[in-house]
Amino acid sequence: ACIDRFPTGTCKHVKKGGSCKNSQKYRINCAKTCGLCH
């Protein structure tokens, strides 16, 4: 599983919530942990 550094959830959860589009820190973190955050 692809878990990011934020305790709020996995990259999948972040992507579903739209945070990747709205937050640069989530995009950067997801890129480090599990590839591009679309």
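Including glycine, each Cβ sits where the backbone N, Cα and C put it.
Per Swiss-Prot, the features are:
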- Cys2-Cys37: disulfide bond (DISULFID)
- Cys11-Cys30: disulfide bond (DISULFID)
- Cys20-Cys34: disulfide bond (DISULFID)
- 2-37: domain 'ShKT' (DOMAIN)
- Phe6: site 'Important for binding to potassium channels' (SITE)
- His13: site 'Important for binding to potassium channels' (SITE)
- Ser23: site 'Important for binding to potassium channels' (SITE)
**Prompt:** Taking the Cβ of Cys30 (disulfide bond) as the centre, how many other Cβ atoms fall within a 10 Å radius?
**Reply:** 25
**Request:** Can you grab the distance from Cys30 (disulfide bond) over to Ser23 (site 'Important for binding to potassium channels')? Cα atoms, rounded to a whole Å.
**Result:** 11
**Message:** I want to verify one value. Collapsing DSSP to three states, which class is Cys30 (disulfide bond)?
**Reply:** helix
**Prompt:** Looking only at the domain 'ShKT' (2-37), what is the mean pLDDT?
**Reply:** 67
**Item:** Cβ neighbour count (within 10 Å, all chains shown) around Ser23 (site 'Important for binding to potassium channels')
**Value:** 16
**Prompt:** Over all shown protein chains, what is the count of other CB atoms within 10 A of the CB belonging to His13 (site 'Important for binding to potassium channels')?
**Reply:** 13
